[in-house]
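Data first, discussion second: the structure below is written as structure tokens.
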Amino acid sequence: MPLSTGLTLSSLNVMEKADNHYNMMTKQPPALSPVDMVSSRRGFNPIAFTPWPVTILSSLVYLAFIIPIIVVHHLVPPAPKESPEGVDLKEAWHDLQHLTRQYHPYNSHSNDEVHQWLLKRIHAISASSSARSGDTTGPDIFIFDDNQTNLTFSSVGVAAKSITGVYFESKNILVYIRGAEDDQEEWWESPDGEPSGKGGVLVNAHYDSVSTGYGATDNGVGVISTLQLLKYFTTPGHYPRKGLVLLFNDGEEDFLNGAYAFSQHPLSKFTHTFLNIEGAGAGGRAVLFRSTDTEVTRFYGNTEHPFGTVLARDAFQLGFIRSETDYHVFDGVFGMRGLDVAFMEPRSRYHTDQDDARHTSIDSVWHMLSAAIKTTEGLVSYTGDAFDGDNGNDGKLNNGAGTLGVWFDFYGSSFAVFELNTLFGHSVALLVVAPLLLIATCVTLYTLDKMYMFSMYTYLSESGGQVSLYGLRGLFRFPLILGISTALTIGLAFLLMKANPFIIYSSPYAVWNPSALHRAYAFTWMFGMMWVLLVIATVYQKQHGIASSYFIVFYFAGVSIATWISYLELFGLPTTQDYARRQIRITDRTPSSDSRLLAPSADELPPSGSAAGHDFNPEDVEDEEPTESTSLLRGQQRTTFANYASARSNSDGNISTNASLHPKDHRLEQRWSINLISSAWILQFLFVAPIVIILLGQLGLFLTSATYQIGADGGSQLVIYVGIAVLSVLILLPLFPFIHRFTYHIPTFLLFVLIGTLVYNLTAFPFSHSNRLKVAFVQEIDLETGKNQASLVGVEPYIHDIVRTIPSTTGKEVSCISRGYGGRAKCSWDGLKPRVVDAPYKEWITYNISQAKDDKHTRFEISGKNTRACKILFDSPIADFKVLGSVTDERIPHTGPKGVSEIRLWSRTWENTWTVDVEWTKKNANRQGKVMCIWSDDNDLKVIPALDEIRNFAPAWAAITKLRDGLVEGSHSFKL
């Protein structure tokens, strides 16, 4: 809703009144527009450039396009009442409820239960599919419970933080549905086996949740959608032509571990394309987040309700979105080509206890499932060569080379996909052709003596007499008011950032800011402004592969056409010479103190059928009632060449303002404007407004949904507010050339809306039960000293309000620090003792450190009770490490140029003992750090009392999530 509309319209009204005052003082000739002639002689014109048609039609067009965009964005298409062939929605919903009964992170006993349940469901679906088909022509189904694979790798290329080494043991489940055209041999049984023929398709969904969320959308819906894909593609009539691999991976939440482990499975050499289904919200529509190329994106376009824009991919590429999904591994490590489809809002429920089945719907399930079915069906049915062949990437799959693409949906029902090179080509063409076309039009107008724009005067060729054209009037009004209104809009963004920065968290649409500008020269200024933006966009398209500037191409195209129409209108005007002659004759017949009481000569009369629109008739100017100042010889006035100076003076003087010929709406415009086409404005408006509303409206809503709650994670709120302010101006910009024709009703209404929303935004509390502020929990214990600190990390000042409600902080010192937490503060206090291990602190971890004889290597042996996740942290980075029994992959380096500062150890076995050999750097004089184990299972009450206490006593507007992999961290310090 508008925040700055009232301010903008006020500035517009001031400018308009000042301009009108100037016109009256200078006695500018009034305009007589064709619509006035039509209105007075032929009746009402419903599309004339007059206040009511402009107000009504413009408002209807905006409402007609904006309302459906908002509805589509927020309402999920309903699921069918009867399940389509090959799927069972009731079964899917029941599976989701079962899957999300408990938190099930990798480091929890419930994760093992989910693993076993998935195996049973997969076997049951496979068995029922065989029984259902009743024939032997169905595809072969192979189920792999991967409890053998392990891998050592590092965080290089995953996050821009300190280098972290990882050892992980797989608990992945894979299902291979053999395609009709696949190799019929079980090639994976051979150690050196290689698939033959065309590559297959991978569908991936991770089945672990975070320790503080039930994982309904992250990633329960993805898991049960993948189960339904198994049912669908083993149903007669839907058998795949190319092989389909369904990967249920474990450990995604902790470091994309399951996807990395898949690299060691033989089937990773078979899949050339992929679909990753994920969740970063808690319901709504599933969004196409990313795609590797144009060719694979076209298969997503087959879905019934596509939803997404290339803006998301560019945000990942530019680093605005810092979180990662398994897409990163499949694309970056394997070189597969595919798609990333995920839920994205509301972020306030993401990774919290509200990510449950209660807060999603069967409609959301169907939206993701239907997209997965159509996309996968297209991929497994494709038999071309687009995804096969050498691509020049050594060490990666030979799956052909794709082209960068551009994509966006239209109202969630159709999908546009084309190559970035196509966008670049059109951008260059528009940059060249549009200015040349306008220049050619201007040259033609000058040649025909009809270029009224940019001209203040014209001079009669036969006498040198000067007549005012007022062609420069309003030239600088557009940039002036654009600058003022934009500054006010952005100023309000800074005001909100200062006074109530998190109001967008619960009220994202209360901060949207429309603007209004005047029409004079507006399209010409818009043309120049959009041309500059298109130049910048074209450079980024070519040099950085940024495709989300596609809206600028369409925007500029529409503005170019509208601007050209404005120039084409000038061809309907008389030449400036004819206009000047007529003005002098009319002026000579107008009473003034220095009028000559002479009649015009014959050669001074305008030609018959002149461009002025009708033959000249002296009676045309004798429509006023005689007064005491009326000349007695009014019809006999004439001007000689000697009197052109006085004629020129009077051309700026008193002119008849008979209301029947000069309605009040146009009385102050240039007289020559009577020949402009009154209804041309509607063409200009329709060329610009609809496409801008659709493209920028969808982009604006997408951007708002993706970012309005990132402030809880330490993201900059100012960037969001300024972004919304800029989008507001761009979306309302098509109204600027016409806004002066609006009646006062809409500006007045929006002024009141401005006042109301501004007061609300400055005073309302930004959080609520449905839009909770996320704060992150961790409990850190020094197992040697027994020091026990519970901590919450969140944005200030609200984190202090939350901490004060916790009973165990009463009368105790609470320490808060803000450095190193990305715009958030960490508040710590003496916490309640956890019961994750039924033993004294010193017995929670068993470890041994032995120094090698060369003084360059050290062996660590570490094990923790009731856990399968431990760490070794070093105060100074080490050069290298090796976990006994592990493998490495040259595609995935396990160390980096600056060494490793942390080693994370994950085992599928509880209370496992890891043996880690560490190589120190030459500079490692300070060989000290910590051995640590973590506990993440919070399904049993009273296991982590400090967390239970926070959940019980924190305000209803606060939500608890995890800070790191473990909810409880126990550590011993070491120094060598």
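Glycine residues also receive a Cβ, built from the backbone N, Cα and C atoms like all the rest.
For reference, Swiss-Prot has these:
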type: ACT_SITE; residues: GLU252; note: active site, proton acceptor
type: BINDING; residues: HIS206, ASP218, GLU278; note: Zn(2+) 1 binding site
type: BINDING; residues: ASP218, GLU253, HIS351; note: Zn(2+) 2 binding site
type: COMPBIAS; residues: 618-627; note: compositional bias 'Acidic residues'
type: CARBOHYD; residues: ASN147; note: N-linked glycosylation site
type: CARBOHYD; residues: ASN150; note: N-linked glycosylation site
type: CARBOHYD; residues: ASN848; note: N-linked glycosylation site
type: REGION; residues: 590-633; note: region 'Disordered'
type: SITE; residues: TYR350; note: site 'Transition state stabilizer'
type: TOPO_DOM; residues: 1-51; note: topological domain 'Cytoplasmic'
type: TOPO_DOM; residues: 73-399; note: topological domain 'Vacuolar'
type: TOPO_DOM; residues: 421-427; note: topological domain 'Cytoplasmic'
type: TOPO_DOM; residues: 449-477; note: topological domain 'Vacuolar'
type: TOPO_DOM; residues: 499-519; note: topological domain 'Cytoplasmic'
type: TOPO_DOM; residues: 541-550; note: topological domain 'Vacuolar'
type: TOPO_DOM; residues: 572-675; note: topological domain 'Cytoplasmic'
type: TOPO_DOM; residues: 697-718; note: topological domain 'Vacuolar'
type: TOPO_DOM; residues: 740-745; note: topological domain 'Cytoplasmic'
type: TOPO_DOM; residues: 767-976; note: topological domain 'Vacuolar'
type: TRANSMEM; residues: 52-72; note: transmembrane segment
type: TRANSMEM; residues: 400-420; note: transmembrane segment
type: TRANSMEM; residues: 428-448; note: transmembrane segment
type: TRANSMEM; residues: 478-498; note: transmembrane segment
type: TRANSMEM; residues: 520-540; note: transmembrane segment
type: TRANSMEM; residues: 551-571; note: transmembrane segment
type: TRANSMEM; residues: 676-696; note: transmembrane segment
type: TRANSMEM; residues: 719-739; note: transmembrane segment
type: TRANSMEM; residues: 746-766; note: transmembrane segment
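A map of Swiss-Prot features onto the structure.
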residue	record	DSSP class
ASN147	N-linked glycosylation site	coil
HIS206	Zn(2+) 1 binding site	strand
ASP218	Zn(2+) 1 binding site	helix
GLU252	active site, proton acceptor	helix
GLU278	Zn(2+) 1 binding site	strand
TYR350	site 'Transition state stabilizer'	coil
ASN848	N-linked glycosylation site	strand
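In terms of C-beta pairs under 8 Å, the stretch of 428-448, 478-498, 520-540, 676-696 lying closest in packing to the transmembrane segment (551-571) is 676-696. Distance noted between the C-alpha atoms of GLU278 (Zn(2+) 1 binding site) and TYR350 (site 'Transition state stabilizer') is 12 Å. Between the transmembrane segment (719-739) and the stretches 428-448, 478-498, 746-766, the greatest number of Cβ pairs separated by less than 8 Å involves 478-498. In sequence order, PRO105, TYR106, HIS206, ASP208, SER209, VAL210 constitute the residues six or more apart from GLU253 (Zn(2+) 2 binding site) in its chain with CB-CB distances below 8 Å. When the Cα of ASN150 (N-linked glycosylation site) is compared against those of the recorded positions ASP218, GLU252, HIS351, the shortest separation belongs to GLU252.
Across the binding-site residues listed here (HIS206, HIS351), the residue whose Cβ sits among the most other Cβ atoms within 10 Å is HIS206.
Counting Cβ pairs under 8 Å to the transmembrane segment (52-72), the stretch among 478-498, 520-540, 676-696 with the most such contacts is 676-696.
Through the fold, the topological domain 'Cytoplasmic' (421-427) approaches residues 403-404, 406, 534, 537-538, 541-542, 547, 550, 553 of its own chain, all at least 6 residues removed from its boundaries and within a Cβ separation under 8 Å. The recorded stretches the transmembrane segment (520-540) and the transmembrane segment (428-448) share 3+ CB pairs below 8 A when only pairs 6 or more apart in sequence are counted, and are therefore in contact. Here the C-alpha separation of the residue listed as 'active site, proton acceptor' and ASN848 (N-linked glycosylation site) works out to 30 Å. Counting only residues at least six positions away in the same chain, the Cβ atoms of GLY213, ASP218, GLY279, ALA280, GLY281, ALA282, LYS774 sit under 8 Å from the Cβ of TYR350 (site 'Transition state stabilizer'). Put plainly, the glycosylation sites ASN147, ASN150, ASN848 were compared by Cβ crowding within 10 Å, and the winner is ASN150.
The average per-residue pLDDT of the prediction over the topological domain 'Vacuolar' (541-550) is 91, rounded to a whole number. Other residues of the same chain near the Zn(2+) 2 site, with their Cβ within 8 Å of the Cβ centroid of ASP218, GLU253, HIS351, are SER209, VAL210, GLY213, GLY215, ASN219, GLY279, TYR350, ASP355. What surrounds the Zn(2+) 1 site, by Cβ distance within 8 Å of the Cβ centroid and not counting HIS206, ASP218, GLU278, is the set ALA205, GLY215, ASN219, GLY222, GLU252, GLU253, ILE277, GLY279, ALA280, THR325, ASP326, ALA342 from the same chain.
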